Structures are given as C-alpha cells and as structure tokens.
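Asks: Mind looking over this structure? Questions follow.
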Amino acid sequence: MKTSMFLTLTGLVLLFVVCYASESEEKEFPKELPSSIFAADSDFKVEERGCLGDKCDYNNGCCSGYVCSRTWKWCVLAGPWRR
C-alpha cells in the first residue's frame, strides 16, 4: 500500500514537472513575467484618482464627479446620498 501511494505521488510530481517544463519553454516564463507585471500595473491607473481625498473649500472646487464634503473639507464622490 505504501509503495503504490509513493509511486502514484512520484508519478504525479513527474507529470507536473514535465508539463511545467514544456510550458516554460513555450512562453519563456522567467523573461516575460516582469514585463507582464508592469504592463498590468499601468492598466489600473486612473486619471482622477488623485482628486479623491484632496483638501478643498467651496471656492476651490474638486474634479468632475466629486464634491467638497461639508464636514471633512475634502473631495468625496458625488452621489444621490450626498446633499
């Protein structure tokens, strides 16, 4: 029983290693990984993100889509729950 479990586990590990090696040859995984991380990072940048939480007053407005909070005096998202 122990021998068959050991052989099964060894076979699965060997299958995993062979599959991983064939995929890494096709994709050149170590070379493409850093470039794919930095490419995905640039997709998440939003232009108006810096406006949220900025200090404001009624003379100095916020970006479009944001309003100045009366209590906290910073830019917050405009919505139907805001007065």
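From the backbone N, Cα and C atoms, a Cβ is placed for every residue, glycine too.
What Swiss-Prot shows for this protein is this:
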type: DISULFID; residues: CYS51-CYS63; note: disulfide bond
type: DISULFID; residues: CYS56-CYS68; note: disulfide bond
type: DISULFID; residues: CYS62-CYS75; note: disulfide bond
type: SIGNAL; residues: 1-21; note: signal peptide
Asks: Roughly how many Å lie between the Cα atoms of CYS63 (disulfide bond) and CYS56 (disulfide bond), rounded to a whole value?
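Replies: CYS63 (disulfide bond) and CYS56 (disulfide bond) have their Cα atoms 10 Å apart.
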Asks: According to DSSP, which kind of secondary structure is CYS51 (disulfide bond) found in, if we only use helix, strand and coil?
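Replies: For CYS51 (disulfide bond) - judged by DSSP and reduced to three states - the answer is helix.
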Asks: About how far apart, in whole Å, are the alpha carbons (Cα) of CYS62 (disulfide bond) and CYS68 (disulfide bond)?
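Replies: Checking the Cα atoms of CYS62 (disulfide bond) and CYS68 (disulfide bond) gives a distance of 7 Å.
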Asks: Quick one: among the disulfide-bonded residues CYS51, CYS75, which has the most Cβ atoms sitting within 10 Å of its own Cβ?
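Replies: The residue with the most neighbouring Cβ atoms within 10 Å is CYS75.
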Asks: Return the single residue from the disulfide-bonded residues list (CYS62, CYS63, CYS68) that has the minimum number of other CB atoms within 10 Å.
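Replies: It is CYS63 that, of the disulfide-bonded residues CYS62, CYS63, CYS68, has the fewest other Cβ atoms within 10 Å.
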Asks: May I ask for the distance between CYS51 (disulfide bond) and CYS68 (disulfide bond), taken between their Cα atoms and rounded to an integer number of Å?
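Replies: Cα of CYS51 (disulfide bond) to Cα of CYS68 (disulfide bond) measures 11 Å after rounding.
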Asks: Distance check, please: Cα of CYS68 (disulfide bond) against Cα of CYS75 (disulfide bond), rounded to an integer number of angstrom.
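Replies: With distance taken Cα to Cα, CYS75 (disulfide bond) is 5 Å from CYS68 (disulfide bond).
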Asks: Within the chain of CYS56 (disulfide bond), which residues six or more apart in sequence place their C-beta under 8 angstroms from its C-beta?
Replies: CYS62, CYS68, SER69, LYS73, TRP74, CYS75
